[in-house]
């Protein structure tokens, strides 16, 4: 077994150990008495006795590693996972995954629902609909916010004359900390943006400066409040307003775009280097420890001319070649429902992760891109087969996928190009 093969794709291949069986999580821990020759770690064919391996615990440990790579402390509670994400986030995910020609400006997108709203109804003396919207927005400080949008659904609440065109305006203010009064002085709020309204539907307003201020402020004091004023300019609609009552279908929400450069390709390359380094150290230790002993033992296999017995060597090669195919990339469909992660991973429901299977047999072909070390290890294995293992068939290049999930606070989060989730190339290392 090649230990490094596990490290290179965490949380990729090892977290999905049970998906090959296609069984629900609760049935995996029991297993079958006969085992499966193609089973992953810890079951017959995987290198450990079946009774010593707890697949449920294994998946739980890998889930912790997976969550850590997403900067999460845990999965959201059940009441938070039941809340449906905005359709906008699902549409955005579909656009990211279907259109390969475009590269988004930000690699992380989050949507934040409105926490509460305080409203005042328009009167003859005050012909505006006014709302203070409260949000709870939290962005890790190591991320760089590139854009923040407030999305409002504007509609006519009271049609007077359908023949008149709809016309109005929306004005947004950033309400400073500790300010709640409607008649507060202008210095307690900051103008952000105004926008003309000419039709019913979703409106997008850019409010990046407010969100950046909130993130910089003390989260225990900041209330993350916006004042929204809606005015109708035509007689056709007496009351133009946004959807804010509890239970409304189209409640306001925030979309925050940010970049996280703290992980990704660099981290994936580091994993690959660690894997190769581990394999090299393992073989060198074997050679230094057992080289002389093995040399003495192997002398009995030499003929009078001092050559390795051709018959035994050829037999070993045939046995090795018959043990399986050469190293190659094979299909591995991952279904998050099968491993019990579908409550917080929104999309994809499943994807093609691929895996590296097969042996690294002598002579190593060019298509497995062997390193010099892998070639040397393979030659040494022919000489000392009981002491030195063959080179390992492992991922040499990984590719990303986009993932839409709910973080530990239940916030729908889209991570574009989450690295290390699919095998692109396999090789002998």
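Each residue, glycine too, has its Cβ placed from N, Cα and C.
As given in Swiss-Prot:
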- 1-22: signal peptide (SIGNAL)
- 71: N-linked glycosylation site (CARBOHYD)
- 136: N-linked glycosylation site (CARBOHYD)
- 283-308: region 'Disordered' (REGION)
- 283-301: compositional bias 'Basic and acidic residues' (COMPBIAS)
- 327-393: disulfide bond (DISULFID)
- 356-426: disulfide bond (DISULFID)
- 360-428: disulfide bond (DISULFID)
- 402-416: region 'Interaction with ENG' (REGION)
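Here the features listed in Swiss-Prot are painted onto the structure.
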{"residue": "71", "record": "N-linked glycosylation site", "contacts (Cβ under 8 Å, 6+ apart)": "140, 260"}
{"residue": "136", "record": "N-linked glycosylation site", "contacts (Cβ under 8 Å, 6+ apart)": "112, 115, 224"}
{"residue": "327", "record": "disulfide bond", "contacts (Cβ under 8 Å, 6+ apart)": "356, 357, 358, 359, 360, 368, 393, 426, 427, 428"}
- Note on the structure: If one takes Cβ-Cβ under 8 Å and requires six or more residues beyond its ends, the residues near the region 'Interaction with ENG' (402-416) are 67, 70, 72-77, 80-81, 83, 85-86, 89-90, 92-93, 96-97, 104, 106-112, 138, 344-348
- For residue 360 (disulfide bond), the number of other Cβ atoms found within 10 Å of its own Cβ: 26
- Checked against DSSP, the composition of the region 'Interaction with ENG' (402-416) is 0 helix, 10 strand, 5 coil
- Message: Comparing the disulfide-bonded residues 356, 393, 426, 428, which residue's C-beta has the most other C-beta atoms within 10 angstroms in this structure?
- Response: 428
